[in-house]
Amino acid sequence: VGGPSWTVRLGRRDSTTASPSLADRDLPRTTAALGDLIDLFSRKGLSERDMVALSGSHTLGQARCVTFRGRLYDNSSDIDAGFASTRKRNCPAAPGNGNNNLAPLDLVTPNSFDNNYFRNLIQRRGLLQSDQVLFSGQSTDSIVTEYSRNPSLFSSDFAAAMLRMGDIEPLTGSQGEIRRICSVVN
């Protein structure tokens, strides 16, 4: 898989409970417009550059058909016709059919953490609308172009953005706990 590495700061307090509704509230929607994405990340203290770098994590992973069907069939000019045709083979137009069928977010190098995600966006091959809006004639186009040309810059910016994301709304005082094992409540 590869990709950047960074030193995780120790001592962060984690919640002892999980809240799906709170988690969902702060997750970007797959159909979000660029302005909505910028606002969402900005409310958490993250910049446009952080947002684009973190979106580069979509160089790995898959999406369910139900999350990108509309993008394939809305006859939009912001999607490469050949790419849409390939994705349609596994994502039928009729709602309910194939909703859970998966497609890689990066069709070219789906198992490598690299900067190909950004090249895909420039070629209008972003699977999710919320990915493609990062390269759509708006304020983030230049960042996407930079990352498509400079994998080292993408890697270093991604690692820095991950550290900043880890500092969002930390619990303090007696809130939560510092875990002995990250994946298990003490």
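Just so you know, glycine gets a Cβ as well, placed from its N, Cα and C.
Here is what TrEMBL says about this protein:
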REGION    1-24  region 'Disordered'
DOMAIN    1-186  domain 'Plant heme peroxidase family profile'
BINDING   Pro28  substrate binding site
BINDING   His58  heme b binding site
BINDING   Thr59, Asp106, Thr109, Asp114  Ca(2+) binding site
DISULFID  Cys65-Cys91  disulfide bond
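On the structure: features taken from TrEMBL.
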| residue | record | DSSP class |
| --- | --- | --- |
| Pro28 | substrate binding site | coil |
| His58 | heme b binding site | helix |
| Cys65 | disulfide bond | helix |
| Cys91 | disulfide bond | coil |
| Asp106 | Ca(2+) binding site | coil |
| Asp114 | Ca(2+) binding site | coil |
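Listed in sequence order, the recorded positions from Pro28, His58, Cys65, Cys91 having a Cα within 10 Å of the Cα of Asp106 (Ca(2+) binding site) are His58. Excluding Thr59, Asp106, Thr109, Asp114 themselves, the residues of that chain whose CB lies within 8 A of the CB mean position for the Ca(2+) site are, in sequence, Leu60, Val108, Pro110, Asn111, Ser112, Phe113, Asn115, Asn116, Tyr117.
For the pair Thr109 (Ca(2+) binding site) and Cys65 (disulfide bond), the C-alpha distance works out to 19 angstrom. Candidate binding-site residues: Thr59, Thr109. Fewest other C-beta atoms within 10 angstroms, Thr109. Confidence annotation: the domain 'Plant heme peroxidase family profile' (1-186) carries a mean pLDDT of 93 in the model. The disulfide-bonded residues listed here are Cys65, Cys91; among them, Cys91 has the most other Cβ atoms within 10 Å of its own Cβ. Around Pro28 (substrate binding site), a 10 Å sphere centred on its CB holds 16 further CB atoms from the protein chains shown.
For the pair formed by Cys91 (disulfide bond) and the residue listed as 'substrate binding site', distance between Cα atoms is given as 22 Å, rounded to the nearest Å.
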